[in-house]
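Peer 1: Below: one structure in structure tokens.
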Amino acid sequence: MSRDNLSASPSSYSALLRQCIRHRDLRHGRALHRHLSNLPPSPHLSNSLISLYSKCGDLPAALSVFDSLPPSGRDLVSWSALVSAFARNGLPEEAVSAFVSMLGSGFRPNEYCFSALIQACASDPLFVATGRTAFGFVMKTGFFNSDACVGAALIDLFSKAAGDLGSARRVFDEMSEKNVVVWTLMITRYAQFGFAEEAVRLFVDMGLRGFMPDSFTMSGVTSACAELGSLDLARQLHSWAVRSGVADDVCVGCSLVDMYSKCSSDSIERARRVFDAMPTHNVMSWTAIVSAYVRAGGRDREAIAMYVAMLEWGAPNHFTLSSVLKACAGLADPSAAEQVYAHAVKLGFASADHVGNAFVAAYAKSGRVEEARKAFELLLEKNLIAYNTMVDGYARGSDSEAAFDMFLEIECGASAFTYASLLSAAASVGAMGKGQQIHARVLKTGFDADLCVTNALVSMYSRCGDIEDATRIFDATGVGERNVITWTSMITGLAKHGHGRRALDVFKEMVGAGANPNEVTYVAVLSACSHAGLIEEAKAHFASMRGKHGIAPRMEHYACMVDVLGRAGELSEAVALIEGMPFMADALVWRTLLGACGVWGEVGLGERAAKQVLELEPGDMAARVLMSNLYAKAGRFEGVAEIRRRMRQRGLNKEAGCSWVEVGGAVHRFFVGDTTHGRVREIYAKLEELMHEIKALGYVPETGLVMHEVEGEEMKERCLMQHSEKIAVAFGLISTAAPRPIRVFKNLRVCGDCHAAMKLISVATGREIVVRDSNRFHHFKGGDCSCGDYW
């Protein structure tokens, strides 16, 4: 028409503008605006232009059109379009001002103008009071039930801005006319605010009232289902989506993928089938499936594979990159993370907070904390997530001092996760003093009410050797407030401290309270049975895993059962259990059997177990040490010599033992034969004194356990005396006063000689000695150990 120099009528321009508004087509809309300059002024067309520009995000152009209208040319639609433009662009103050100016110009607002005003107030909590005033105005003028858009705006005002879902629901219930949009809005708000069950009930009610949910409704209710974690409900919703024809919608498909991945880690295959069945994909659907694999746990390689496949389809966004970086972190593969981050830099997403944070986390979780710190320093804006990532990274690396230093740098306010990570850092090195300081800060800041922090406190006190304080924290938490982590932390702590019966009582209480145990809980329960020598109880709990709770035993559970049977001397039954496993036993299982053989002196079976371990893990030192000790115990010193010879050939060295003790808020570390401490003369003088005293009590050094090439019994005794845990105990004795227990922590299992010595030292000094080794706690008191001489 334009090429033929034909002029269009105002009605034609109006129709074209409506199409531009519907499709958010700003380019053609501007072209039409230029042509309109040749026509006489038309309030109707000007109003359409205001709406076009505001909906397309060009507020200055919308204001320019409004200002170009003479006051006499502005009608109610013009003013409504202006209020709506401000509302749409998040400018509530300007929207309210325009509404007041409209009233001053003599116009009486209609339902659409009220809806725009209330939407503007809903965008900012500071304008809730103004919105409530508008609500009163609506009720007074009788527009509440004139159109569903008014009720929808009020629902948003009360729920989104005021956080008052009760008032939002009352508005919903009072509406005489509801459409699908209103139902969907209420369902979505319930889901967003954590009222998942109410959202699902409302969805069911919607169907019963004859309304047909659309794709937006489905997205809202699937989000609620994901929050509930109900796989049965997920299947029903999926079936309904297929029957109603909305399953092919890409947004619904994304929601279904997300729903399945959040309902159960075992549902990732269902999520993948939904993804594969989608007729079209966009960046959201690819991101959903990548995130689903990451969330599933142990499926990080598939997440990266999907990311690679996505690159053949098109470009990722910052959310995709963040998810795939999490997969790299899960694999502890910093080189892959570096490649992904390079891609993020190329695409211009490197400055996004969550991409940078995920890159820092990839380094931190790979144990490369220094690189993580460098990546952290390069972040343009360091938010709390970034700080928490670094604190957690230092905690994972048992660098509690660095974790606390990072905590002191936080300027944006610590969160519950920060305190939980700090408590974990303190627990990792047994720094109870630091842990107690953090506990005091937790109480001061009010985070003691947070369950994540409570769980961390239970774990911290337990891992630092104070099981009674851990119990007090646990008992102070209401039964209804505890989650599976709370229960499991307490059971694990009691088991590690040798309180098997108490651990099983807590498990019984857990099940009685309706809490569902998970795989980790059962590892703790079976460990408790092992530490307490409860063989029949262990068998019963092992059988109930699948029968009562649908949990298939994993490698760790079989290792626990081998430990239980080994402790009881039922080595033949342990071997039968291993041979009957539904999968190949790993080094952990065989190493556990080897440890039991060492206790019972079963050299032949021990050799078989050691051979299996070394075939699976040729560089394993623990198996060689255990086998050497077994040979020495049996008097087969040629076997000990052969192990040492092979170790020399392979260039293998026993990992250096390191023990530490916290005194005066500082952690003091000691290695074998350590002479670097400032009080070294006092420490060794105390050691000589202790050796003299415990020999008088019957101590005989187990020189056969010495792995080094040393000539003479006297030199071997000297080597045993200089073990790191003995040095740490001596330092604890000269640095602390009775009756305070001495708490020592060691990176390896405590050796048999040190174990025997500690029992007698507790008699000679009258002090309780608590040693946490790599396997459990040993409470030495009055010549006995809580482990019952089995560890």
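Using N, Cα and C of the backbone, Cβ positions are placed for all residues, glycine too.
Look at TrEMBL and you will find 698-791 tagged as domain 'DYW'. The feature repeat 'PPR' is assigned by TrEMBL to 75-109, 179-213, 282-317, 483-517, 518-553.
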Peer 1: Reported in the order helix, strand, coil, what are the DSSP residue counts of the repeat 'PPR' (179-213)?
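Peer 2: Tallying H, G and I as helix, E and B as strand, the rest coil: 26 helix, 0 strand, 9 coil.
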Peer 1: In the repeat 'PPR' (518-553), how many residues does DSSP call helix, how many strand, and how many coil?
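Peer 2: Residue counts in helix, strand and coil order: 29 helix, 0 strand, 7 coil.
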Peer 1: Sort the residues of the repeat 'PPR' (282-317) into helix, strand and coil with DSSP and give the three counts.
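Peer 2: So the repeat 'PPR' (282-317) is made up of 28 helix, 0 strand, 8 coil.
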